[in-house]
Structure formats: structure tokens, C-alpha cells
Amino acid sequence: MKNPVYWVVLAGISIALIQQGLPVRSQGESQSDNKQMDNITIRQGETLFLSCSQGDFVTHTAWLNRSSILYAGEDKWSVDPRVSLVTLNQDEFTIKIEDVDLTDEGQYICAVQTSSRPRTTSVHIIVQVPPKIVNLSKDLVVNEGSNVTLMCLANGKPEPAIGWRMLSPSDDSLSSDSEVLEIPFISRYRAGVYECTASNDIAVDTQTVELTVNYPPSVSDGRDVGVTLGQRGVLQCEADAVPEADFEWYRDDRRIFNGFDGIEIEDAGAFSKLTFFNVSEADYGNYTCVAMNKLGSANTSIILYEIIEPTSSTLLQGPGAVQDGNSGTSTVFTPTCLLLIVLLQLLLKF
């Protein structure tokens, strides 16, 4: 019993396939038909079908990838599990390559040996690869005034176009159409999320970088607070800073601690509150709020002053009351008193 053995002779793109035991024609003694098909473009990860027509009196067929035989008739020569035979008959010879990758790119040849002459069909496979960002700057924490460089590198085929933009808060003026985004002397208003986009004809890949800008505290002007004796009073202080500021409260040059003389200090993010639950005469005066972080400090002054509530006697005094500046007593002329005075003057005339 004879085992089929195939010889592949490449001369340009012509191929002669003969069976063992049969005489081999020289290239000059044979005629061959060579056909070049249009390029096939396929995306990475898709399935590729390669097909060629057979014709009558076919004795041998083969599919080749460059110089490697994939299939010779029904015999699989490739060790790649992704390659399989789909159809083989007198009309068609089709193989399948699953999960196509860049390594599959190149020229493929279908060789058919008929009783009269060999025939080859060649096709070039182009594999397109969606963009993928492979190198991106890490999230950054910088001090205000620093120079910042953001880098983004991507692979893909066709080669992807790369761009930067400030995503949040959105700022169209801060963008770049290259792999690098330069931000000189960065300010606190440039802190946020930056997006790198890599795109080609197949797809788009995006990734983000968060940029944090540290800066020293700035404190809002304090608002003086008036409180009635014995009532509850609250002094508030607000600071803008990154990282968040720590707060300290002072009365003159003396620092106030939480719980000191019934005073409560409560810090919450950018705010600090100094609370008096029962204001006394000794509590009135000037207070200083100091906000600080590792980059600096700022302060503001707030005055706690007394509000005098009206007494019952002053409530009885109407708009006709006359205040005696020496004695502090007042005389109230009501409409009834005025009427009596007028009647008394009339009686005196008679």
C-alpha cells in the first residue's frame, strides 16, 4: 500500500504537487495558471474562511500559509488547533481559521493539481487590531505650581490616533492631539480627571488619570455673631484647601480646646464650628480661627458680641414716650391725657 507524500516546489507562487511513484515534470515542461485574489481584511479575533475552486480532474490540493502547509487534501499538516477543514470536493476547497491574530497575517496559497497542469490561487490577509492603551500615567498628586506631564501609549493596526482632554470638570481648552499632555505651572483649577483616547478605523479605547493638586488654605472672612446673654452661640469658619485643613481656635493668644469651659469644637471637611451652649459675659470678645495643612496656614477673626433684649418697661413705651436723660424715667402722653389737657385749658378761659 502506498502512502501519499506531497512535495511542494515554490517558484515565485507556482506549486507542483505530485504523488509518490509518479514522474516529476520540470517547471519548463508544465504550464500553470496563477491567480491573485483581492486582499482580505479581517479584524483580530474574528473567524477567517479561505476558499478556492477546484474544477474537474483534480488529483491533489493544498492550502499553504507562506511556506507552511496547512492542509494537503484532507490531511491536516498544521498543528494549530484553530485551523480546520470545512469543505473539500470537486467544486470547493475551504478551510477555517478561528480567533485570527496578527501572526496569521500574510499570503495564503491554494494549490490545485489537475491531470493537465497545476493551478494556484493566492490571497493576502490583512489583520486589523483594535487600539489598546498599553502605557498610561498613574494617578498623580502634585503641588500647585508644578509642571505636569501626562503620557499615553497605545497599540493597534492601523496605528491609532491618541488624544487627551480634561474630562471632569470639562475644559475643552485643555487638550492634546498627541501622546503627551504638558501642563506647566499647574493651578488648583486644573485638578480633575483627564481622559486619554486611542482610536483607529476599528474601535476606540479610553482610560482616565486623576490629577490632584495640593494648595495651602484660604479662609473665608469671618462673620461677627451677636448672642443674647445665656443663649446658644455658634461661630463658623470655612477654609478651602487640599489636603483638607486642620482647624484651631484661639481667644486672644490662648488656644481653645474641645470641651473647654463648656465650649464644643466640631470639624467637618472644610468647616469648623465653635459652639457656646450658655453664653456668659466672659465669653464676649474676639476669636481667631486658624486653618492649616502641610503647605501653609490662614486665619480669620470673629467677634462674639452681646445683644440686649428689650425689657417689659421698654415694650410698654410707645412712640410718644419722652426719655429723661438724667433720671432715666419717662413720661408717657397718651391720647386720654392730651384730651384732659385740652379740656382744662378751655375751662380756664371762662
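Keep in mind that glycine also has a Cβ here, set from the backbone N, Cα and C atoms.
These features come from TrEMBL:
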SIGNAL    1-23  signal peptide
DOMAIN    23-122  domain 'Ig-like'
DOMAIN    131-212  domain 'Ig-like'
DOMAIN    217-301  domain 'Ig-like'
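Note on the domain 'Ig-like' (23-122): mean pLDDT across this stretch is 84. Helix first, then strand, then coil: DSSP counts for the domain 'Ig-like' (23-122) stand at 6 helix, 55 strand, 39 coil.
With DSSP states grouped into helix (H, G, I), strand (E, B) and coil, the domain 'Ig-like' (217-301) comes out at 6 helix, 52 strand, 27 coil.
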